[in-house]
Amino acid sequence: MCTLGHKPDNSLVSNAFGFLRLPLDFMPYDGDADWVITGVPFDMATSGRAGGRHGPAAIRQVSTNLAWEGKRWPWNFDMRDRLKVVDCGDVVFSFGDAQEMSDNLQAHAERLLASGKRCLTFGGDHFITLPLLRAHAKHFGKMALVHFDAHTDTYAHGSKFDHGTMFFHAPNEGLIDPQHSVQIGIRTEYDHDNGFTVLDAAQVNDRSVEDVLAEVKRIVGDLPVYLTFDIDCLDPAHAPGTGTPVIGGLTSDRALKLVRGLQDLDIVGMDVVEVAPAYDQSEITALAAATLALEMLYIQAAKK
């Protein structure tokens with residue numbers, strides 16, 4: 001626990017240096033962590049409201065509300081007893097240099113993966129997933145993508161750095177297999193012939209969680225999986241603090257149940273993106289993101 005004198009701190013507001021007050025390790029490559037948390041304070045690829053650069057800090061700050069619980073409900077065990085997780089802070093890049101951010105993030109992830117670590121990353125806008133996929137594909141080969149979002153982000157018309165184009169480029173670069181990838185919660189215009197399976201928000205809200213999960217697992221098969229969660233997958237009633245909100249989304253409860261249900265998949269990398277705290281109300285968006293990130297760690301710990 002990252003506190004003065006290594007003393008226990010059950011405060012809901014203090015000592016928010018690392019996510020969940022987990023240990024800080026600014027040189028995590030040679031350590032013995034299972035998962036390494038990295039922030040990417042970048043929002044230069046945003047098409048709507050900016051501010052995602054403040055997302056990692058907001059997620060870490062609100063995570064103090066989650067740090068006190070030992071045997072977390074409904075898991076009935078403490079993730080920290082099964083996984084060694086550290087927070088290495090934020091990727092460093094020159095302000096305004098999107099290419100440097102992309103290069104530095106990819107190199108950082110490649111180095112972590114080469115040393116046997118796994119990556120949980122906080123955005124920042126959703127573009128950050130593309131350099132992460134490049135790093136993971138070098139290590140794991142072509143992957144399946146499980147993608148929670150209001151948008152498919154498969155648009156071909158964007159610029160080089162655009163948070164709506166990553167999943168157009170990723171299949172073309174051979175990073176992911178669309179035939180084994182699924183996009184959950186979509187409720188905006190998209191190309192229907194790009195190979196991805198789209199489970200739109202209306203059907204995800206109307207079908208049972210068990211039914212949706214069964215389809216996801218059937219599509220993914222036994223490929224290694226990269227899990228990415230854009231917080232605008234949630235309805236703005238549950239996550240107003242994001243750059244491109246779209247009504248008609250998932251509840252936080254349904255999203256948590258779906259993430260928990262991915263436990264059996266071979267998830268090799270994860271991220272939570274697009275929290276823009278300037279538009280948040282009572283930190284509910286940041287809290288949703290922090291809780292989803294924690295559940296992602298719990299589905300890994302449950303395998304131990």
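Yeah, the Cβs are placed from backbone N, Cα and C, and that goes for glycine too.
Taken from Swiss-Prot, the feature Mn(2+) binding site covers His126, Asp149, His151, Asp153, Asp230, Asp232.
Considering other CB atoms within 10 Å as the measure, the emptiest surroundings among the binding-site residues His126, His151 are those of His151. For the recorded Mn(2+) site, residues His126, Asp149, His151, Asp153, Asp230, Asp232 set the reference point as the centre of their Cβ atoms, and the other residues of that chain within 8 Å of it by Cβ are His147, Ala150, Thr152, His163, Gly164, Cys233, Thr244, Val273, Glu274.
Mapped onto three states, the DSSP output places Asp232 (Mn(2+) binding site) in helix.
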